[in-house]
Amino acid sequence: MAELEGLEFGKSDFVLLDEVTMEQFMENLKLRFEKGRIYTFIGEVVVSVNPYREMDIYGKEVVEAYRGRELYENPPHLFSVADAAYKTMKRRAKDTCIVISGESGAGKTEASKYIMQYIAAITNPSQRAEVESVKNVLLKSNCVLEAFGNAKTNRNNNSSRFGKYMDINFNFNGDPTGGHINNYLLEKVRAWRKLLRGGSEEMLQSLFLQRDPSFYIYTREGASSSVSCSNLRAAVLTALKVIGFRAQEIDSIYMILGAILHLGNLEFATDGESVRVTAPQAVENIAILTSTTAADVSKALLFRTVATGGGEVIDKGHSEQEANYGRDAFSKALYERLFSWIVSRINAVIEVKDYNPVLHGKNTVIGVLDIYGFEIFDNNSFEQFCINYCNEKLHQLFIELILRQEQEEYDREGIPWQHIDYCNNQIIVDLVEQPHRGIISILDEACLGVGKVTDVMCLESMDSKLGQHPHYTSRKLSPTDKSLEFQRHFRIRHYAGDVTYSVEGFLEKNKDPLFQDFKRLMFNSTNPVLSEMWPEGRLDITEVTKRPLTAATLFKNSIVALVDKLACKDPYYVRCIKPNEVKSPMLFDDARCRHQVAYLGLLENVRVRRAGFAYRQPYNRFLQRYKMTCEYTWPNHLMESDREAVEAIVKQHDFHDDVEYGHTKLFVRTPRSLFTLEQERAALIPILVLFLQKVWRGALARMRCRRIRAIYRIMSCFRRYKVKAHFWEVERRLGGVRTMADYGRSVQWPAAPAALAHFHAITQQLYHRWWARQVVKNIPPSDMAEVRAKVAALSALQGERPTWGCGRVWERDYLSHTSAHFVQVSKELKNKDQFSTILFSGFVRKVNRFNKSTDRALFITDKHVYKLEPRKHFRVLKKIPLDNVTGLSVTSGADQMLVLHTSSKDDILVCLQRGELCPNQDRVGEVLGTLSDHFTRSVHWGTTYRGKCQVNVGGPTPLFSLAALYWHLWAQKLYSGSCFT
């Protein structure tokens, strides 16, 4: 640590002092204060000196410098202890707390705010909206609680007039999820001057208020202050809205504050035997602001409802003194109830909701205690008595946790060390809280006693019971001490110094009485906020209720509960010191600071840290954290005990002279040894993380591979099952097709799985071939020529012509059946041209290029195409060799037009039938099919043609090769049976 800051700034850790004396301690503290170093370590304790000026040491850069760092890596700072508490909470899943102690004006409230801001800054790196909302509410709650709970005093501009303990809940990720606030002993003599100085004119008019604070009794003191309150009021209003206060609730807060100011100005006068209010308009204003009636408010102020022994209820009038007392008590109670209600509303917003340890992991807590410091005023009353008792309890906790437990732990572990005397203030705590003999018990007895018991009588009772106590005295017990007044003062020798208390008002403040009439008045208010604050107002005056606990007992119980709560957490301490009484950033009052160092026990703390060990940990936990730094202990050791494994770690790092071995724990003397281990561990962690990631990723990959293999195995089995199921279904449906009349044509094939899609298509093709074979083999050989011709026509037309004579018998040689002359002519042509087959013959009507038509006969053989004159005994008009025909064109309509294209461009255009068409006499398909079949067979059998015959439907564009279409139709059209009627 001495290397982190230059020697000109002094020692940054009091443990490093050459000699542990008060002189050296104060010299180092003063030097650091004068050099602007307001924080100093005592081991893990931070000593903070109030600088009384703004310092630029809390920005984002400083936050980043301390984030995640070990306590001794950076110069002393509040952020060091905040980060240490956060790391302990997150790493070890242990609850921690930060106790900020010191006298009033030492800077405790500011320290708590900086700690809260640091925790908010280092959490929620992913910027989750719900976590940010919780952080905002936690931070804004400080602003609201300070506004209503702090005050300017002679010793402090922003003195906490209440105690606050905030628990911040964190999830397993270390992000804040909520919190809870406890408040202790609000000083009720409070009024909100910000309301007058910062409020708008419209708001002041609605509250019947004037802007001048000196007009009101409760704000008259300090009314000349020049501090502007408008910005403060705006900040508080913004904070209330961020927290979640509704507009109606905020208005109710202002109305209650206005009512308190009006109550303070009420005056009473005696009119004969009765008492009256001198300003009725003020009563009207209070009634409006509290949503009650003026009559009810006046009655509660002037009368007290009392139930007699016989059950009769009577109204007993107040004296002027009683009315003044009731007014003040009512004002204080209103403010106290308002403050408690604000705290409860904040708790309702920030409490952890829907928490399930199984789902959300362990819920850990960091507690931050900001409570009033030790107070010594010229006139110390009941409030100072309670505040100083609280500080005694907290100092006792500090002694137990930091000093006594440290020594006792060394004794338990068998570690030799030099015993250090320390100031144990348990005797002072017992003086206050001991049952039956403590001051609180004496006060309670006096408050519960029969008859009128005065403060003087209570003081006499304390003198008689505590006269022999070394820390208690009074003027009666010390007659020569003229600083004490008879029947008024008593003195307690606190750990922080002697404090003289005035007994006046002790009993009344301890009783904290408030007439039931005021409680019923507020409960019956039509304002739901006010009614909610006074639940006991529902009780009837005749109902007998248990006497409430006194204010001192309630405070004692809450402080005992607070100490118990702190004792079960890992504590971190910030000890605040006030350098002077005049709030100067330059003045260091040596005597004043020496007194605070003494009563805070800082010198004893240094002695313990120097004589003891800065770090201690059970062997198993030390081994768990640092076993990766030694080859003999990673990943698991084979030694007989964890202690031997820890010794191996210490031996490997060669700092055995800096440690001691206890029965169950290892004790490390200096932080540097621990820092060395932390550095090596931090360097190894990324390597181990990579190794664990590699192993885990390998395990994940193997598991994923096994799952994928299982998936593929299941898929394979399922595919095989689907294939087999398909085969079984095909066999079931098509097993008997041989015996069916249509050979299974009517059977619907099952849908094939995707893996068998191609196979299924081939199977269907094979079936269709088989089916076609079964059909074709039943056709007589004499009909096969006609079947082939029809197949060829079907393939060539491709559905372009709806009617083409498929449904009739194709005779081909029509002229031989109708004319004997044609038979004679055909025989002559056969002998002459040597043709072997007549492909087609029939009457046609020839159309020439001039659109003139004449009757002719068309005679087509396997050698020639003849155009004949039927009227002249079928004389040959034109003969074209069949191998000169290159194509044939027909239309897509029902006409019989046909064009024979030749290689000599001497095309023939004819209509195949003379006169009107007879039903079912379409012959275009017959000529087309016959020629296509002829050319296809001729090519197949090796006959050579000079050209290629093409077929055009609807125009001259050729569609398919006749040969290719024939075989295509053989596989598809013929098998499907579409060519048969």
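From the backbone N, Cα and C atoms, a Cβ is placed for every residue, glycine too.
Whatever TrEMBL says is automated annotation, not expert-curated.
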Matching range for TrEMBL feature annotation, region 'Actin-binding', among 559-581, 582-604, 697-719, 950-972: 559-581
CB contacts for A106 (ATP binding site) [other CB atoms within 10 A, all chains]: 26
Within the region 'Actin-binding' (559-581), residues counted as helix, strand or coil by DSSP: 9 helix, 8 strand, 6 coil
Cβ neighbours of G102 (ATP binding site) where a neighbour is any other Cβ within 10 Å: 24
Mean of the pLDDT scores, which run from 0 to 100, over the domain 'TH1' (799-981): 75
